[in-house]
Amino acid sequence: MIARRIWRSHRFLRPFSSSSVCSPPFRVPEYLSQSSSSPASRPFFVHPPTLMKWGGGSRSWFSNEAMATDSNSGLIDVPLAQTGEGIAECELLKWFVKEGDSVEEFQPLCEVQSDKATIEITSRFKGKVALISHSPGDIIKVGETLVRLAVEDSQDSLLTTDSSEIVTLGGSKQGTENLLGALSTPAVRNLAKDLGIDINVITGTGKDGRVLKEDVLRFSDQKGFVTDSVSSEHAVIGGDSVSTKASSNFEDKTVPLRGFSRAMVKTMTMATSVPHFHFVEEINCDSLVELKQFFKENNTDSTIKHTFLPTLIKSLSMALTKYPFVNSCFNAESLEIILKGSHNIGVAMATEHGLVVPNIKNVQSLSLLEITKELSRLQHLAANNKLNPEDVTGGTITLSNIGAIGGKFGSPLLNLPEVAIIALGRIEKVPKFSKEGTVYPASIMMVNIAADHRVLDGATVARFCCQWKEYVEKPELLMLQMR
């Protein structure tokens, strides 16, 4: 009866139907084989797992297929499904459940981080957690089992099974405390690991008890103070303990790259294979400064913070309308240039989790106020490591606002498959000469455009930059052509 119910759920989700379970559509891979060798107890394999999104704006995902099931016992393996195009593995951040917990359909099971975003994985089945296969911090490949669920009436007997039997079925059994993990970012967890600290014993001072970098360093200092005291005592008795302790503080450390940092390695490595050229220009931002001040003085919404960036983004979109090849991508296999219909302008953001480039969709159809609100939303999500996969995919051109941190000149690398990226320097007052020879102060910003020389030539980029510069220096021209 249990097997029939499980099979009905598979038939409902699969694109084919069958009247029996005796003929699986795919060969069972070796890594799915269980301890039992009898045909009756051998699990069958269904279609490769994919993700389905539950709810229009939700960031929760679930696997629409169990990778392997045991029809005799009611065990279902829930795999890590495909979290996005080109994603082969994810880092497990934390568990929302522990072994023995009851779970409902669409209940969050865990949170994982791919190269592009942080995603909650939810349960497709109702049952109890029989086995958790990984701990926070583990790198899990797509298709590997995340958790084993006991479904229907067999769950009570499964959860009372001897622990050694469960280990044989699904791998090593972890302690509940280690599996749940502390609420923190990958960078903070790696820092704690490098310092030899169990992050679960640290009291977090961040939002919702999140363990921050400062918490780890503070805990490390306290631990180091105690260690130093002990070392000093040994130094009096033993002689050379102090020098041994001092030398150990300067040992090499290996820091694994995770999440966005790992994605940056892949993207920048690919970028080195593309022929770049750079075009540098100065833009007078006096009018931009006045416009920002006007918006600030007439702002009636306290939740909106006006900056230079929305106007730069909108003026960039207006220039792209006249030079569509700058808003394109290149297909090296077919030697074709794909002109993008939408202006999805990405903005590079440096966060404590790494560099991420979310993009504002359809800028050509948005007002300055709408761009300001969307930019604020993306910045908030990026700071909290909550960007959706849709927010970081589909970009057509990128702005890197290095001037917000410091520096007036940058030399960016392409964010493939885009063909252009623009580094914005700091706006600063410098002396300039007028046509009459008098000196006057001007707010100048240096911009550096990196372009794919397979698609764009110097003349095209120069004309494009001059058009963008004109819109920035004379924002009233935007009013003539805005739709």
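Each Cβ is built from the backbone N, Cα and C atoms, and glycine gets one as well.
Per Swiss-Prot, the features are:
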{"type": "ACT_SITE", "residues": "His453", "note": "active site"}
{"type": "ACT_SITE", "residues": "Asp457", "note": "active site"}
{"type": "DOMAIN", "residues": "76-150", "note": "domain 'Lipoyl-binding'"}
{"type": "DOMAIN", "residues": "183-220", "note": "domain 'Peripheral subunit-binding (PSBD)'"}
{"type": "MOD_RES", "residues": "Lys116", "note": "N6-lipoyllysine"}
{"type": "TRANSIT", "residues": "1-75", "note": "transit peptide"}
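Of the recorded positions Lys116, His453, Lys116 has the largest number of other Cβ atoms within 10 Å of its own Cβ. Annotation note: His453 (active site) sits in a coil segment as assigned by DSSP. Within the model, the domain 'Lipoyl-binding' (76-150) carries an average pLDDT of 85. Here Lys116 (N6-lipoyllysine) is positioned 27 angstrom away from His453 (active site), judged by their C-alpha atoms. Separating the Cα atoms of Lys116 (N6-lipoyllysine) and Asp457 (active site) is a whole-number distance of 31 Å. Cβ-based neighbour count (10 Å, all protein chains) for Asp457 (active site) stands at 11.
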